[in-house]
Amino acid sequence: MKRIGILTSGGDAPGMNAAIRAVVRKSIFDGIEVYGINYGFAGLVAGDIRRLDVADVGDKIQRGGTFLYSARYPEFATEEGQLKGIEQLKKFGIEGLVVIGGDGSYHGAMALTKRGFPAVGIPGTIDNDIPGTDFTIGFDTAINTVLESIDRIRDTATSHVRTFVIEVMGRNAGDIALWSGVAGGADEIIIPEHDFDMKNVAKRIQEGRDRGKKHCLIILAEGVMGGNEFADKLSEYGDFHTRVSILGHVVRGGSPSARDRVLASKFGSYAVELLKEGKGGLCIGMLDNQVVAADIIDTLENNKHKPDLSLYELNHEISF
């Protein structure tokens, strides 16, 4: 394989630049040319493609976001969009593609695979909701960003003896809420993957107040409901001096953590190895601290991401 293309798609995640850097440098080290595709699959179809050199990825490993930019492009789900994309890849002489992104990006890579074009998926999303890997690029940075906010909010919550509902991103997955909640000593963690009873939540808050507790922190995954809606429902069971903090897109930004930089570097290098060996139609992951590759079609069609619910039970046992 003489030429590899790379794109980032969907929501950005800290560490994407580190992955791009690894792909570019590993490729050049192995004598392979790399072409960067701007704006994801939209840029692919439009032919917004340029050659990348070592200098292009210098001073990038510490930066959040993606310097190749990203975009959502639902048209790539159509036959016309896919064929146009393959036409552009062939026009530039690109023989294999690295796709960094989340679930939608993986489906784009899978579509190319089904049409006979070798593509390798790298999991890059703060949501940590991709099957076939324990952790995705950007997740560690995201939970540390949330954790910093939890620590700050606790200060003001204690000063005013308040309950705070902290809404965090994650789409339909509760991993960000779960991990940051345990690390931040949350009183309650509300996630889509586990039922909850508002009456019991209110009961636990009141029990804490009765023991003299000066704050209550509830970490709410956005996939359950909005923070303001949750606070309104909670108020039906008592006045807990509740305030709502919606962290939103701030969780996506910032310099990637050491863990995300290392993870991204490992994934990027391995993606090049796979394509160099002529292997496409795969997605890369980290399972039991080992970098692995699995069939992307099988992974998407027959697997479903599951959070570590033992953390939910742990928090319930130690959060009173």
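The backbone N, Cα and C atoms fix where each Cβ goes, and this holds for glycine too.
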Please identify which of Arg51, Arg154, Arg243 is recorded by Swiss-Prot as part of the ADP site containing Arg21, Ala22, Val23, Val24, Arg25, Gly185, Ala186, Asp187, Arg211, Lys213, Lys214, His215.
Arg154
Can you match one of Gly5, Gly11, Gly170 to the ATP site that Swiss-Prot gives for Arg72, Tyr73, Gly102, Asp103, Gly104, Ser105?
Gly11
Of the candidates Glu188, Glu222, Glu229, the one that Swiss-Prot places in the substrate site of Thr125, Ile126, Asp127, Arg162, Met169, Gly170, Arg171, Arg243, His249, Val250, Val251, Arg252:
Glu222
Which same-chain residues, if any, lie at least 6 apart from Arg25 (ADP binding site) yet have Cβ under 8 Å of it:
Val54, Val57
Helix, strand or coil by DSSP: which one applies to Asp127 (active site, proton acceptor)?
coil
Quick check: in three-state DSSP terms, what is Gly102 (ATP binding site)?
coil
Going by C-alpha positions, which of the binding-site residues (Arg21, His215, Arg252) is nearest Gly11 (ATP binding site)?
Arg252
Tell me the Cβ neighbour count for Thr125 (substrate binding site), meaning other Cβ atoms within 10 Å of its Cβ, over all protein chains shown.
28
What is the nearest of the binding-site residues Arg171, Asp187, Lys213, Arg243 to Asp103 (ATP binding site), using the Cα of each?
Arg171
CB-centroid shell, 8 A cutoff, ATP site Gly11, Arg72, Tyr73, Gly102, Asp103, Gly104, Ser105, site residues removed:
Ser9, Gly10, Gly40, Gly101, Gly108
